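The structure appears right after this line, and notes come after that.
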């Protein structure tokens, strides 16, 4: 049996009509103890409820309305023998409402033995409630009692016999000022809330007007505001003044009793502030925008048997961990402004718990619902199906919580996303929120790919009770039945703003790579994560692989063109003309090694002029260009039928290949674009082993491949090839180019006695045997010795290396095979002209050309053997612990088998 505790006594639960709050019970008990300090009658103590004495007082008030107040009776009858009480004093006791306080002799008449009022048996049988009487105007003696407290008599009879000290404390000016300030703040808060509601309703009305034909408009179903159960709790029919309500709230909160915290609100405000309690106070709740959040936060005010339900127990971990401190004002919910209408979701922009940013952008996307979330919103549906297509989506940032957030988020993140997907809300019979999820998904890629982004992939179709597997932060393929149309989902930029969740930078799953290779260090940008592909589906723009070469070879500034035989800027062009034609002698103040760049090119003219000569700038190249232009003009005047396009082509061709004497312009370009020295990063302090040597060679190969790409894209005419042909030529010829360049380095640095792969990786006889590729190393050393035997010049080496790039093609041909053949023929002619520059005898030129072409043919068998060796090593790399960089492994596994199978063959100058 539930009982009420008073001061010194235990009372049974009062009837429903006399059921009072904690505030009223407290002062009722205080009043009874003060007025009757003596022992009570046992029968009255056991049977009389706390409100019986109050009802007896009202009965006496109706019978003795004509009598004077108790204080005046005490003052006028001092000679009756009864002890006279002082009027004021620290220990004296007075009633709050003196007009309704019965006199002592009247109470003595009713029960002379015990001094207690009789039990209200007659009134309870007749059904008469507490009859309210209008208070009489107070006398002059009662002027100290404030008028506000005198109004509490009819409504709160329990306060009518409060002590003088308590009365004085409650009537202090500071307390009244505090109540007034609270009332003002409350009114200001209500005004701000009303303004926010009006603004949000206007935005929703604008969105509904612009929506597609009104088909996707938000239908708002009219429903009455829920009636709070606290009205019946306080008596229902009683009308409580504002001051009394505030006083009750202030005292109750100060005493830790939060039962009356929401009584001062209007019915509409009670819906907003108390919506978290509505579904559990009995009966099916009305349509409330905050109803789905009921199981997630708050406690139940009802003390009935429904307090310990499964729903409340299910979400108890989340209530204590996340929803602590939330009150009615912190919720992003408000009542609807429509008459009798249900409240719709209103999310202020200042709340961090709910989505607010994308709602401000809704004006640009009125036809859809945009809710920015990072994880799938999973959980049980609300008790009644919501008529609003976009209500109750709650947001949490997974980065703001600890490891326990994932379990809690699955319980409290759920919503009705019917407008985002064609259906698919979890059925009402689903179990825990973690086991069910909404099938509302959005596609990150195209509808054909069907790749989904999210923590779990749900099954489509919108069936009820379908269970899905939850995979946090996973990338899963869709199951059968889930199809994405282009117009069903918003663009990815709306779902994923800057900095929230990063997008997958690959157009398809086949392009995903596990790491970034060192070869991409010089290619940071939007295409930095891509690799070379064989098909056109994933081909990048040509400017990525082969951007134009526009850097001055002297100072590094932006080049304006080819001046005096070199690619230079306008400043270096003018400087070289004046310095070369002038008779002034320049002397460097330092050691002839000054730095010449864009900002310090004018500091040392001697070093700048020396660098111009090293780049190949000559005054004779200017004269040759003028002669070529004059010859073009004469040919243009002779033939009038030539089109302007053909004239431009002839002009470029003649200026490029006509009349070389000792320093052709073509060689200047080849010298300028020649790669520098690349190190392998090998640790020579460690003992040589097969795995260490081969791993260092693979790392060196990837680093050199970066320079090969940069060198090839700077070759004249190479960028005019088809983009597929460019990639194919590089992927097929990279091994021959590296072997040829390594042979030249071995010849120039160590006189072909060892293999000079890199400054930190030089192979001697011991390392050749240790690497298990001794036969290949011997052939490469023989190639290096050929450079010395044939006395190959640097100019011949540069031209032969460029020609070697165009010496291997697929058997089926390239995309633009005709242009490739023309470009290859031009480089062959350039090699022939370089040979003819230093040899006047035609027979000697032909013999030299034969020797150089035989040397080029000898590179192809060596490259083939190395292709076979690297392919076998890649297959056994896990067994022998040899590391292969990612790009090297890709090219060897994809392109090398084409060469070994005969689909790609080299082009030989001589019959093999």
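Count begins at 1; order follows the chain as displayed.
Positions of Cβ are set from backbone N, Cα and C atoms, glycine also.
Marked as DNA-binding region by Swiss-Prot on the basis of sequence analysis: 551-624. Residue counts for the DNA-binding region (551-624) under DSSP, split into helix (H, G, I), strand (E, B) and coil, are 28 helix, 8 strand, 38 coil.
In the three-state DSSP assignment, the secondary structure recorded for residue 745 (17beta-hydroxy-5alpha-androstan-3-one binding site) is helix. For residue 745 (17beta-hydroxy-5alpha-androstan-3-one binding site), applying a Cβ distance below 8 Å and a minimum sequence separation of six or more within one chain yields 756. Feature annotation from Swiss-Prot assigns 17beta-hydroxy-5alpha-androstan-3-one binding site to 698, 745, 870.
Feature annotation from Swiss-Prot assigns compositional bias 'Pro residues' to 379-388.
Annotation source Swiss-Prot lists compositional bias 'Gly residues' at 455-465.
Within the same chain, no residue at least six positions away from residue 838 (ubiquitin cross-link) has a Cβ under 8 Å of its Cβ. As annotated by Swiss-Prot, ubiquitin cross-link applies to 838 (among others).
Under the three-state DSSP scheme, residue 840 (ubiquitin cross-link) falls in the coil class. For 840 (among others), the entry in Swiss-Prot reads ubiquitin cross-link, with the evidence type similarity to another entry.
As annotated by Swiss-Prot, region 'Interaction with ZNF318' applies to 1-579.
According to Swiss-Prot, the region 'Modulating' annotation covers 1-550, on the basis of similarity to another entry.
The annotation region 'Disordered' is assigned in Swiss-Prot to 35-156 (among others).
What Swiss-Prot records for 204-236 (among others) is region 'Disordered'.
Swiss-Prot lists 375-394 (among others) with the feature region 'Disordered'.
Here Swiss-Prot flags 452-490 (among others) as region 'Disordered'.
Under the heading region 'Interaction with LPXN', Swiss-Prot lists 544-911.
Taken from Swiss-Prot, the feature region 'Interaction with HIPK3' covers 564-654. Restricting the average to the region 'Interaction with HIPK3' (564-654) gives a pLDDT of 72.
If you look up Swiss-Prot, you'll see 584-911 marked as region 'Interaction with CCAR1'.
Here Swiss-Prot flags 617-911 as region 'Interaction with KAT7'.
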> Tell me which residues of the chain lie with their Cβ under 8 angstroms from that of residue 698 (17beta-hydroxy-5alpha-androstan-3-one binding site), as long as they are six or more apart in sequence?
Replying inline: 882, 883, 884, 885, 888
>> Within a 10 Å radius around the Cβ, which one of these recorded positions has the most neighbouring Cβ atoms: 713, 840?
In response: 713
>> Rank aside, I only need the closest one: which of the recorded positions 840, 870, 890 has its C-alpha nearest to that of residue 713 (site 'Interaction with coactivator LXXL and FXXFY motifs')?
In response: 890
>> Between the Cα atoms of residue 890 (site 'Interaction with coactivator FXXLF and FXXFY motifs') and residue 870 (17beta-hydroxy-5alpha-androstan-3-one binding site), what distance do you get, rounded to the nearest Å?
In response: 12
> Could you state the CA-to-CA distance between residue 870 (17beta-hydroxy-5alpha-androstan-3-one binding site) and residue 840 (ubiquitin cross-link) to the nearest Å?
Replying inline: 45
> What is the number of other Cβ atoms found within 10 Å of the Cβ of residue 870 (17beta-hydroxy-5alpha-androstan-3-one binding site)?
Replying inline: 23
> Tell me, by DSSP, whether residue 698 (17beta-hydroxy-5alpha-androstan-3-one binding site) is helix, strand or coil?
Replying inline: helix
